[in-house]
Protein chains: 2
Amino acid sequence: MPHFLNSADADFDARFAALLTMKREDAADVDDAVAAIIADVRERGDAAVCELTARFDRFDLTPDTIRLTGSEIAEAAAGVPDAERAALELAAARIRAYHERQMPRDESWTDGAGATLGWRWGPVDAAGLYVPGGLASYPSSVLMNAIPARVAGVGRLVMCVPTPDGVLNPLVLLAAQISGVTEICRIGGAQAIAAMAWGTESIAPVDKITGPGNAYVAAAKRRVFGRVGIDMIAGPSEILVIADADNDPDWIAVDLLSQAEHDESAQSILITDDAAFGRAVAEAVETRLVTLERRAIAGASWRDFGAVVVVRDLDEAAALSNRVAPEHLELAVADPDALAAKITHAGAIFLGAWTPEAVGDYVGGPNHVLPTARSARFSSGLSVLDFMKRTTLARMSPDALRAIGPAAVTLATSESLEAHGLSVQARLDRLNR
Amino acid sequence: MPHFLNSADADFDARFAALLTMKREDAADVDDAVAAIIADVRERGDAAVCELTARFDRFDLTPDTIRLTGSEIAEAAAGVPDAERAALELAAARIRAYHERQMPRDESWTDGAGATLGWRWGPVDAAGLYVPGGLASYPSSVLMNAIPARVAGVGRLVMCVPTPDGVLNPLVLLAAQISGVTEICRIGGAQAIAAMAWGTESIAPVDKITGPGNAYVAAAKRRVFGRVGIDMIAGPSEILVIADADNDPDWIAVDLLSQAEHDESAQSILITDDAAFGRAVAEAVETRLVTLERRAIAGASWRDFGAVVVVRDLDEAAALSNRVAPEHLELAVADPDALAAKITHAGAIFLGAWTPEAVGDYVGGPNHVLPTARSARFSSGLSVLDFMKRTTLARMSPDALRAIGPAAVTLATSESLEAHGLSVQARLDRLNR
């Protein structure tokens with residue numbers, strides 16, 4: 001049974017707060033192990049990577065076989081059935097079209113003082129994309145990470161995917177091929193992150209690393225942050241659905257389950273203004289759970305972290321949702337645009353009953369790499385901006401320096417930074433000669 | 001004596017690489033101490049903050065006096081001389097005007113399939129600004145952090161500044177007042193970062209923390225990353241000047257010294273296509289060092305990490321500069337725009353001999369919080385975007401779902417995520433009835 005809350009109950013605030021701070025993940029303390037792995041890869045390069053791969057993935061590599069050859073990739077990709085290839089290509093085209101609109105503008109202008117100011121965006125030279133192996137090896141995640149990088153103009157795009165016992169997922173390779181990945185390495189874990197951040201004999205270092213991963217990967221990304229850029233530290237998935245009574249309870253039930261099936265730590269929350277509808281959805285979830293393939297995982301997530309929250313009205317629903325700052329927010333209500341206008345924090349919003357969140361996981365167009373664990377309060381889903389950086393530009397005319405330079409000298413002096421002031425004053429002296 | 005390199009020399013590549021990887025900072029390993037401080041503040045709140053402030057800043061606080069009152073701020077700010085107030089106000093107005101142009105656009109469109117897509121930007125609710133105490137307590141940094149936050153629309157802006165022995169810098173308070181800071185707390189170090197990230201009885205938690213600090217502050221920011229957003233982990237300052245022979249060697253010398261005076265770990269590099277000019281600049285540096293107030297710091301920086309690099313031509317200069325990815329780049333050449341077009345990695349570019357970098361530290365308009373330690377390869381200076389986040393929006397019409405939904409079902413099935421597929425299929429079944 002999920003948690004049932006009603007905003008009219010006396011203990012609601014305490015129970016809702018508990019729902020927000022509920023510890024869903026026991027982050028294993030792997031930091032010391034990860035520090036040792038990174039040091040080993042920095043020190044011994046490929047040799048360390050191959051040894052660690054043999055130990056963790058039970059797979060023997062040499063420096064020559066870390067990287068997949070073009071024919072290995074082509075052969076695997078060629079075996080993918082047509083229907084799946086077509087679906088991946090449709091998804092890729094839609095993701096590309098959406099992200100192309102995110103390209104930022106360069107600007108340049110001259111202001112009243114005669115200063116020409118502006119900025120210019122450019123891509124990172126090389127990006128590294130981590131793709132988990134095993135259960136969570138999703139071709140859709142390859143598209144969602146690689147396509148924004150390529151749209152941004154990144155020239156070199158390295159993908160690391162572990163192949164436990166040597167097993168490769170052909171769909172992952174096809175997704176890499178479709179989205180323009182330039183190198184694929186069959187390594188994973190903290191050793192892959194270390195190799196991409198510091199480089200080895202066979203892998204040149206990258207500038208930015210993105211992509212999901214387990215506790216080792218997350219700890220390694222945190223450690224290499226600063227040496228390279230990273231996207232975010234992703235937590236278990238979440239969905240919040242705000243639905244009025246004018247919905248099919250079964251639709252909302254499968255929407256909740258579509259996050260719950262990801263992970264026992266996932267969290268699915270329904271907020272509704274109709275208690276009977278809330279109960280009907282909970283019943284529909286139980287019905288679906290009887291036959292669902294991943295019922296063990298989805299059932300555990302729903303039982304431990306799922307919730308049905310009954311509120312007085314949709315304004316209250318919006319306010320509660322903003323406290324959650326959900327990764328995914330479905331608005332299955334009569335006027336979803338009006339409700340969306342009241343939402344201040346959410347990774348992605350899915351408007352109306354015809355927009356199940358899963359459409360956004362694959363073919364909607366927006367990115368499915370989104371801020372979890374309430375971090376939509378301060379961060380955004382993956383975008384082309386994550387693979388670009390901005391250089392600011394300034395050019396002073398002599399008149400501009402005459403107009404604003406003296407203020408710089410005053411402030412430099414007040415900060416006891418004499419050379420700062422002198423560098424401006426030397427030029428002002430010339431102008432005043 | 002700084003390092004003298006000539007790209008025509010046989011050992012140039014090795015020496016230039018050494019210049020890039022030179023360890024300028026002995027990052028003290030304060031991580032365990034910082035972890036303990038953060039745990040203490042989470043556990044005991046204000047009581048821990050007050051005890052730590054007494055210990056580290058030799059200053060007794062109570063929960064009631066952590067936050068400065070309006071009259072304390074007003075009184076200190078009122079004592080600032082008119083010239084300095086006017087200079088701060090000029091700087092604030094120019095910084096505001098520049099950053100207002102950075103406000104991102106919201107977008108919404110309906111594509112050929114009938115999907116309405118887009119995104120929306122919004123500010124974080126609350127931001128925390130760290131301002132170092134003592135020597136590095138710079139009012140200009142208050143402006144550079146606080147103004148972008150306010151332009152972004154952040155409603156609550158908390159500033160933490162330690163006041164060792166109770167000493168406050170009135171200019172810092174005036175800068176906070178001018179730039180719209182809403183709370184000022186006289187605390188510093190890891191305890192201030194912990195208080196802003198987790199909250200205490202007297203300080204509500206914020207969503208994003210920015211601002212420079214010492215090794216403790218940097219380690220604390222790294223640790224709270226994820227709980228809140230952070231800007232970057234700043235290292236010692238750097239300048240790279242590309243100058244041709246048609247420059248006054250003294251101007252370039254003071255420009256190099258304006259970074260060197262920040263910190264013994266700062267790095268100032270001149271790249272020139274004229275060896276005699278390079279020698280003349282080095283001589284001018286020595287002349288200025290005789291009288292410079294901060295000659296001990298600037299001299300140590302220049303001697304240990306400074307460099308004059310002689311190259312064949314400006315194309316080579318641009319290529320070397322891109323390997324450095326400098327925080328600040330001055331282009332004191334005849335055609336700075338042409339040279340700037342060849343620059344791929346730099347935090348900020350200052351074009352032409354009338355644009356000393358120090359103008360950008362105070363009154364230029366662009367932000368002076370910039371990526372150090374080669375991180376301009378993948379990151380940007382502080383901007384309004386650092387205080388905003390983007391929510392993606394998607395709305396499917398029934399026709400859109402009919403067109404693209406089947407591909408989502410195919411991909412969900414291939415990823416063994418049945419409920420994902422069911423959430424789409426349940427709707428498609430209704431459409432096909």
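Cβ coordinates are placed from backbone N, Cα and C, and glycine is handled just like the others.
The NAD(+) binding site annotation in TrEMBL covers B:Tyr130, B:Gln191, B:Asn214. Annotation note: B:Asn214 (NAD(+) binding site) sits in a coil segment as assigned by DSSP.
DSSP assigns B:Glu415 (substrate binding site) to coil in the three-state reduction, placing it in neither a helix nor a strand. The local packing around B:Glu415 (substrate binding site), expressed as other Cβ atoms within 10 Å of its Cβ over all shown chains, amounts to 21. According to TrEMBL, the substrate binding site annotation covers B:Ser237, B:Gln259, B:His262, B:His328, B:Asp361, B:Glu415, B:His420.
Every protein chain shown contributes to the tally, and the Cβ of B:His420 (substrate binding site) ends up with 29 other Cβ atoms within 10 Å. If you look up TrEMBL, you'll see B:Gln259, B:His262, B:Asp361, B:His420 marked as Zn(2+) binding site.
Feature annotation from TrEMBL assigns active site, proton acceptor to B:Glu327 (among others). Reduced to three states, the DSSP call for B:Glu327 (active site, proton acceptor) is coil. Around B:Glu327 (active site, proton acceptor), a 10 Å sphere centred on its CB holds 29 further CB atoms from the protein chains shown.
Around B:His328 (substrate binding site), a 10 Å sphere centred on its CB holds 26 further CB atoms from the protein chains shown. Residues or ranges marked as active site, proton acceptor in TrEMBL: B:His328 (among others).
According to its DSSP assignment, B:His262 (substrate binding site) is coil. Under the three-state DSSP scheme, B:Ser237 (substrate binding site) falls in the coil class. Just so you know, the Cβ of B:Gln259 (substrate binding site) picks up 31 other Cβ atoms within 10 Å once every protein chain is counted. Taking B:Tyr130, B:Gln191, B:Asn214, B:Glu327 as the recorded positions under consideration, the smallest Cα distance to B:Asp361 (substrate binding site) is found for B:Glu327. Of all the recorded positions in the list B:Tyr130, B:Gln191, B:Asn214, B:Glu327, the shortest Cα-Cα distance to B:Gln259 (substrate binding site) is found for B:Glu327.
Residues from the set of recorded positions B:Tyr130, B:Gln191, B:Asn214, B:Ser237, B:Glu327, B:His328 situated with their C-beta under 8 Å of a chain A C-beta: none. DSSP assigns B:Tyr130 (NAD(+) binding site) to a strand. Cα to Cα, B:Ser237 (substrate binding site) and B:Asn214 (NAD(+) binding site) are separated by 13 Å. By the criterion of other Cβ atoms within 10 Å of the residue's own Cβ, the least surrounded of the binding-site residues B:Gln191, B:Asn214, B:Ser237 is B:Asn214.
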